[in-house]
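Enquirer: Here you go, one structure.
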Amino acid sequence: MDKMKIIMEKGTERLKRGFAKMVKGGVIMDVTNAEQARIAEEAGAVAVMALHKVPADIRKAGGVARMAPVEKIQEIMDAVTIPVMAKVRIGHEAEARILEALGVDMIDESEVLTPADPFFHIYKKKFTVPFVCGARNLGEAVRRIWEGAAMIRTKGEAGTGNIIEAVRHVRLVNENIRLIQRMTDEEIYGVAEKFAEPYLRLAFSVKEISGLPKRVLENEPIYEGFTYREIVDGLYKILLEIKKLGRLPVVNFAAGGVATPADAALMMAMGMDGVFVGSGIFKSSNPPAMARAIVEAVNHWDEPDVLAEISREIGEPMRGQDIAELEVRMEERGV
């Protein structure tokens, strides 16, 4: 890669991360039409996520969940002045190109939609629009950041109104970061090698089909022209940055199962930079009141008296689901 290209890429990444920082400390709400988008904006959302169905309805409908119709996204973009995000299927570069051309402010490469690629996520550095991606653990987060994600969010278990998986993912990432901070650089390089292993799946599958040993050559490209060693080196640099910062080097939001002001406050108390709310707003009995309350909870997460007050007269939250009852675990999608 020539020097000018490296400089341009770093500049683009800085701009992408800068946009993500603009929504830090706020609430991003899933919406399916212009009316919902306006409710979200009036409640104080920092951005909206345009979908054809909220995650609870996607889960109920089954079948293949895809990018929202262009007309629906445009309708939402025309209705509000705050940033509009939209989801694409994991690995579906064509959907992402369409959204980039449409002018959305950020793309969510999301496990809520049916994955398109069983081996890889999109190489997000090829795009000028910033991406947000989900992560259950530090390995997933570091891989997505290396690929170019400007924002990370927990996966949680979308559409359930159950916060347990989001809590699990926050704890796993935070504890792994504390472990990294106690490790030597040599030990961290070993972690980078482990975190890079999912990129080998396609190469190993092809070699197994061909009756060859499951190993790759030093100069053998395995993902977007990168060799295994180049990927390891890239992940290693991010891990060293995490060791220095004591946190992810990008904005980190909670998502998946946030259904009440208390849920939102819990996520902020655990160190999150903000909150995505999917089904929790428009599957509640009083969406405008719930939306306002969750925004206030994020702003006042460390003030119990305020939280108690804003939790009054907000109606019933969405009906939740026990994780053990789920037929589909969306959080397990992706690598």
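For all residues, glycine too, the Cβ spot is worked out from N, Cα and C.
Sharing the features that Swiss-Prot gives for it:
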- K87: active site, schiff-base intermediate with D-ribose 5-phosphate (ACT_SITE)
- D30, G159, G257, G278, S279: D-ribose 5-phosphate binding site (BINDING)
- R171: D-glyceraldehyde 3-phosphate binding site (BINDING)
Enquirer: Around the D-ribose 5-phosphate site formed by D30, G159, G257, G278, S279, which additional residues qualify by having Cβ within 8 Å of the site's Cβ center?
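Expert: For the D-ribose 5-phosphate site, the extra neighbours are V54, P55, A56, V112, A158, T160, G161, G256, V258, A259, V277, G280, K283, M318.
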Enquirer: Counting every protein chain present, what is the number of Cβ atoms, excluding its own, within 10 Å of the Cβ of S279 (D-ribose 5-phosphate binding site)?
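Expert: Taking all protein chains shown, S279 (D-ribose 5-phosphate binding site) has 25 Cβ neighbours within 10 Å.
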Enquirer: Distance check, please: Cα of R171 (D-glyceraldehyde 3-phosphate binding site) against Cα of G159 (D-ribose 5-phosphate binding site), rounded to an integer number of angstrom.
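Expert: Each residue's Cα considered, R171 (D-glyceraldehyde 3-phosphate binding site) and G159 (D-ribose 5-phosphate binding site) end up 21 Å apart.
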Enquirer: I need the least crowded one of these recorded positions (K87, R171), counting other C-beta atoms within 10 angstroms of each C-beta.
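Expert: Result for the recorded positions K87, R171: minimum number of other Cβ atoms within 10 Å at R171.
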Enquirer: Can you tell me how far the Cα of G278 (D-ribose 5-phosphate binding site) sits from the Cα of K87 (active site, schiff-base intermediate with D-ribose 5-phosphate), in Å?
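Expert: It is 12 Å, counting Cα to Cα.
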Enquirer: Could you tell me which of these binding-site residues, G159, G257, has the greatest number of Cβ atoms within 10 Å of its own Cβ?
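Expert: Top count of Cβ atoms within 10 Å goes to G257.
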Enquirer: If I restrict to non-local contacts, at least six residues apart, and a C-beta distance under 8 angstroms, what lies near D30 (D-ribose 5-phosphate binding site) in its own chain?
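Expert: In sequence order, the residues whose Cβ lies under 8 Å from that of D30 (D-ribose 5-phosphate binding site) (at least 6 apart) are V48, M49, L51, V54, P55, F276, V277, G278, S279, I281, F282.
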Enquirer: Taking just the CA atoms, what is the gap between the residue listed as 'active site, schiff-base intermediate with D-ribose 5-phosphate' and G159 (D-ribose 5-phosphate binding site) in Å?
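Expert: Cα of the residue listed as 'active site, schiff-base intermediate with D-ribose 5-phosphate' to Cα of G159 (D-ribose 5-phosphate binding site) measures 15 Å after rounding.
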